[in-house]
Structure formats: C-alpha cells, structure tokens
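Now, the feature entries from Swiss-Prot:
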| type | residues | note |
| --- | --- | --- |
| ACT_SITE | Asp76 | active site, proton acceptor |
| SITE | Arg19 | site 'Important for substrate specificity' |
| SITE | Thr77 | site 'Important for substrate specificity' |
| SITE | Gln161 | site 'Important for substrate specificity' |
Amino acid sequence: MNPLLQLSCPLLLASQSPRRRALLDRIDVPFEARVSPADETLAPSVAPAEAVRTLARRKARPVAADRPSALVLAADTVVAHDGEILNKPEDSSHARAMLRRLQDTSHAVYTGVSLVHAGSDRTATAVETTAVVLGPLSDAEIRAYVASGSPLDKAGGYGIQDHTAPFFVERIEGDYYNVVGLPLRRLYRTLRASFADLLEASSA
C-alpha cells in the first residue's frame with residue numbers, strides 16, 4: 001500500500017478505462033471500479049478545459065450518491081488541436097485522419113479530475129494540461145498503427161503508453177500520466193488540498 005495515499009474510506013473509481021485502473025494499481029492504491037451512468041454529451045462549442053472539468057464532475061456525482069461514505073474519483077481526457085476537441089475515432093478511417101492531422105505538430109491533452117465525498121458534501125475538481133509533439137508519420141506508418149486496433153479506443157487516435165509510441169512521440173511538455181488518462185501528481189495535490197482529513201498518512 002502506498003504510504004502517501006492511505007485513505008480512511010473506500011476509494012471508488014468511476015471509470016471504465018483500463019488505463020486509469022492500471023495507473024491506480026501501479027501506485028498501489030486500493031480501489032473499487034464502478035461504471036458511471038452519466039450522460040457525456042456536451043455542446044460542440046465547449047472549450048476543452050471546461051469540457052473535461054464538467055464531464056469529470058458529471059461522472060463522479062451519481063456514483064457518489066450511491067456510496068456517500070466513499071470517496072469517488074472520476075476523470076475525463078480529451079485531445080485538442082487548434083482548440084478543437086478530438087474524441088475517440090469513430091472507425092479506422094477516422095483514426096487515420098486524426099493521426100494525419102496531429103503528426104508533425106503540437107497538440108494539447110486535457111484531463112479533468114473530480115473527487116466527490118457525498119457524506120461530507122464536498123467536491124474538488126482540477127484540470128491538468130500537457131503539450132505533446134508528434135513527429136512526422138508516413139501514410140504507411142499510420143495505416144500500420146491503426147491496423148493494430150490500439151488507436152480506436154483512445155482520444156486523439158493514439159496511446160502514449162503503446163509500445164509503438166516511442167517511434168512517433170517527439171516531445172512531451174508536462175505530466176506523462178496526464179496523457180495516459182490520470183494526472184497522478186495533480187490527483188494527489190487535490191486530495192491533500194481538499195480531503196486531507198481522509199488521508200490517514202497526513203495526520204500521522
């Protein structure tokens with residue numbers, strides 16, 4: 001168990017993302033995963049930072065209402081290029097188009113993190129932003145990567161943690177884990193700022 005993150009109440013992850021689950025496993029924090037019934041529809045005009053902030057809160061609240069004694073964590077990640085949000089590709093053709101757009105340029109990855117403890121009527125939400133630069137990609141490289149199937153369930157059409165990523169990710173400015181889907185340092189700082197009483201280590 002992580003000595004810096006020992007909670008006095010259950011932690012519920014309101015997410016279906018295997019990457020977020022893997023990150024919490026990696027830092028050795030016990031949690032239960034729940035699927036949030038939240039509607040993730042937003043107006044197309046919503047700015048990226050506000051979109052992830054809104055959706056993270058929206059995902060956390062119904063799960064927290066069912067378990068008021070637990071601390072609920074929800075997150076939402078989007079990729080944005082020139083201010084336009086790029087969600088998960090609809091199909092292989094869409095994924096190839098996304099990668100052609102993102103290759104040899106910079107884009108931003110936004111993740112909203114929301115923590116809700118319904119028992120004490122507290123909510124804390126934060127947004128982390130990371131800049132990512134992809135190198136040039138040939139059409140053959142794009143087709144091969146998309147054919148692997150990996151891009152199809154990822155915002156922006158690529159996964160920073162994929163074994164092929166070192167070949168095309170040129171530079172990252174900011175939190176790597178944010179690009180994976182859960183900014184761990186931001187999560188910890190938000191916990192300490194708003195839920196210090198639930199962190200057993202903080203009172204030791």
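Just so it is clear, glycine is given a Cβ too, placed from its N, Cα and C backbone atoms.
Structure coloured by features recorded in Swiss-Prot.
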residue : record                                     : Cβ within 10 Å
Arg19   : site 'Important for substrate specificity' : 18
Asp76   : active site, proton acceptor               : 27
Thr77   : site 'Important for substrate specificity' : 27
Gln161  : site 'Important for substrate specificity' : 16
> Whole-number Å distance between the CA of Arg19 (site 'Important for substrate specificity') and the CA of Thr77 (site 'Important for substrate specificity')?
Replying inline: 12
> Using DSSP and three states only, what is Arg19 (site 'Important for substrate specificity')?
Replying inline: helix
> How big is the gap, in Å, between the Cα of Thr77 (site 'Important for substrate specificity') and that of Gln161 (site 'Important for substrate specificity'), rounded to a whole number?
Replying inline: 15
